[in-house]
Amino acid sequence: MSKGLLWRFSLIALFITLSLLYLTPTLVSPLPSWWKGLLPKDRIHLGLDLQGGTHLVMEVETQKAVEGTLDLIATDLEDALSAKTLRYKQIARQGGDRVGMTFYDRGTADEAQKLLKDKYPTMTLVPPYDEGGFVHLQLRMNEKEAQERKDRAVAQALETIRNRIDQFGVSEPVIAREGLTNIVVQLPGISDPKRAIELIGRTARLEFKLVDETVNPAIATPGTIPEDTEILMEKRTDPTTGAVTEIPLAVKKKAIITGDLLTDAQIRIDSQFNQPYVAIEFNSTGARLFDQVTAANVGKRFAIVLDNTIYSAPVIRERISGGSAQISGSFTEKEAADLAIVLRAGSLPAPVKIIQNVTVGPSLGEDSINKGLMAGAIGVALVILFMGIYYKLSGMVANFGMILNVLFLMGALAALGATLTLPGIAAIVLLIGMSVDANVLIFERIREELRLGKTPIAALDSGYDKAFLTIMDSHVTTLITAAVLFQFGTGPVKGFAVSLSLGVIINLFTALVGTKAIFDFVLNRLRVKRLSV
Amino acid sequence: MQIIGKTNFDFMGKKKITFVISSIIALLGLIGVGQIALGTANMGIDFSGGTAVQLNFSQPVAIDQARHALAKHGFKDANLQEVSGGNKLLVKVGKATHVQGPAADAIEDAFRKEFTDNRFVIESSTEIGPAIGDKLRKDTLVAVVISLVGIVIYIAWRFDFAFGVGALAATLHDVLAMFAVFFVMQKEINLLFITAVLTIAGYSLTDTVVVFDRIRENLHKNVKDSLTAICNFSINEVLSRTIITALTTFLATASLFFFGGEVIHDFAFALLVGIIVGVYSSVFVASPIVVIWGSRNKETKA
């Protein structure tokens, strides 16, 4: 018996030490200098509802990634067919999964068919068919390949977003994929959520397009402009009034250079006008292309387009070699800095849509913590008071068990790196009420046994024995709901489930081992004759 | 100290009255659930999609003025709520409101323009797309069903099928009772409420299991008396435990309700309601059903 007692007390002492060890970083700040090496350094993670911050769920519009690929294939085919002097009437993406081509005669179509088979072996070719005096041909992307492409688009988007957040500078962000198309981003404690969201959500597709001077954008309508031209808006912000004006501009649809040819982007300040701009560097392919294009188009204008908005449309004054250029426009320093970040981090392979955005201000978070802790403290005090009065000394033992329970639970939360949320605090408070339940069951049994005239030691043992199964059953049922909550809950609810399930398991230990050890010690070692229950 | 001494209430004898009460509660709960299914209930934006913004003003704001300001900027159907403590205002708009860009920004702009000399900070903002609301609703339904099934299987395995039925009925009763109270009070059904419901399902089961355990124990000890008598006897035996545990849990949760702050307020309220009905159902719903179900089985066997 005494050996068993030693074991149990050692185990309890070990758990207390471990809990305190894991809780030290949370309670002591800063950590003393000798606190290093293997000792735990992580504080308890606070959920966004407690420390403030932004929780975003974004849906990657993966279909757009497939369509983008098909658009690229269409452009590529135009070049390839022109290079072989195969005359075509039209090449364009059709629907969400194919590229359609129209030829003037069967011979050219057959030639083109051969070329397509070599160039795109993985895609399905719809055999040529005549219609309205023309020959049509379709290249279709398989379901499986489209799916792979969508999958890759989400993975790429995740990577790009992670890059952007890293450069934006958020400590401990959570960036994770959820389901097929969703990305979850958590940014704890950021001060300017709006700016961060804009930065993350921006597609950032940078394109250089030639301005079509033959079209007057002011009177152009979609029907009257050439097929390879489109109207885009140039946004100008008046630096003094802040008013935004939009000027339409006709540009060629085809981009000469795109953002994926960049190696670097930096914010600089124009010393002459004290205006921020973004300096960009091209890679070797980009530099060569830029050199060729500027050489061939001196005196013309080209537009710098980001996500279908024109930032500036300067005139090419001379051939630009060397592979560097600049994007100027009427933006603030912050805007220019963010632009540089998105250009460096690369564009998203498909647009993202924010489908859930939960932002909690830091003041509300702090308020929640304070109130949660206050409610917890009052709850603990009330229960301690009640148990002490109702069960006297035994009640104090139960209270000791309950405090161990809370301590172990906090320690376990810290050790597992679990997140404490406001509902999590609620779960702990609820557990405080429930944690004495096991003791109540036991104490009521003991009282019954004592009434039957048993000795304190016998009453104690049979009380624990008889209550054991009941305690197990009641804990398992709670554990079932906690497990389901954990599986299906998100954010704060998950935090609730974690606290609840850990608490239930710990409670089993403190009720069956913790308090029993104290009773055994008191009755067997101290030879107390009366049980105060 | 003892709250109650040895008692000898005839709990089973009250079953006609309590069944009527329980049926009314369950019926109200069913109406509440029906309203949710029809989409006419007071659903939180977790499930229906939409935007909620909590603002903290430096000076008091009249609700009417705020409503007028919002209506001017395209939010005619905005739901306004004063939050206790400070000059706080909670604005909720459904997904149907068509405004360019994020609704939270538009709401902020509206107040900035209309209340130029009353500065405010955004304390929290939540925007939930309709698609994610649908997913949440489905997931939640699955979660509720799975946990109920899991619990019933466990009880049926540990005890007897009749007990499983009794436990299921009592749990369903408690779940419906919580829906009933929230429906009658027109409180919002959100994710936290569902969490409270599931927690109470577990909690009330604990209560039921304790009573069942004692009934089973007494059934083994005593083969002479009727099932009704044994149930009565057992419930009386564990009555003090039932009351004490309910009391401690209630005390702790009540401190959450009174001092936990606005975010947790309704959640704590749901838990309080659940604790009360949980105790009621383990005494007046679960055991009587075991008696009815169990004695019918005896008759068919005999």
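Each Cβ is built from the backbone N, Cα and C atoms, and glycine gets one as well.
Because TrEMBL annotations are produced automatically, they should be read as predictions rather than curated entries.
The structure displayed is predicted, hence computed values, not measured ones.
Annotation source TrEMBL lists domain 'Protein translocase subunit SecDF P1' at A:154-213. With DSSP classes pooled into helix, strand and coil, the tally for the domain 'Protein translocase subunit SecDF P1' (A:154-213) is 24 helix, 18 strand, 18 coil.
The domain 'SecDF P1 head subdomain' annotation in TrEMBL covers A:246-350. Across the domain 'SecDF P1 head subdomain' (A:246-350), mean pLDDT in this model comes to 87.
Annotated domain 'Protein export membrane protein SecD/SecF C-terminal' per TrEMBL: A:352-514, in sequence order.
Marked as transmembrane segment by TrEMBL: A:372-391 (among others). Remote same-chain partners of the transmembrane segment (A:372-391), defined as residues 6 or more beyond its termini with a Cβ less than 8 Å from a stretch Cβ, comprise 50, 398-399, 402-403, 406, 422, 425-426, 428-429, 432-433, 436, 439, 443, 532-533.
Per TrEMBL, the feature transmembrane segment maps to A:398-418 (among others).
Look at TrEMBL and you will find A:424-446 (among others) tagged as transmembrane segment. Within its own chain, the transmembrane segment (A:424-446) has Cβ neighbours under 8 Å at 47, 372-373, 375-376, 379-380, 383, 387, 391, 394-395, 397-399, 401-402, 405-406, 409, 413, 459-460, 462-464, 466-467, 470-471, 474-475, 478, 492, 495-500, 503-504, 507-508, 510-512, 515, 531, 533, counting only residues six or more beyond its boundaries.
TrEMBL lists A:467-488 (among others) with the feature transmembrane segment.
Taken from TrEMBL, the feature transmembrane segment covers A:500-523 (among others). Sequence-remote contacts of a segment are chain residues at least 6 beyond its ends whose Cβ falls under 8 Å from one of its Cβ atoms, and for the transmembrane segment (A:500-523) they are 1, 5, 8-9, 11-12, 394, 397-398, 400-402, 404-405, 408-409, 412-413, 416, 418, 427-428, 430-431, 434-435, 438-439, 442, 456-457, 460, 464, 468, 471-472, 475, 478-479, 482-483, 485-486, 531.
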Open item on the list: Do any residues, 6 or more residues outside the transmembrane segment (A:467-488), come within under 8 Å Cβ-to-Cβ of it, and if so which ones?
Closed with: 434, 437-438, 441-442, 445, 494, 496-498, 500-501, 504-505, 507-508, 511-512
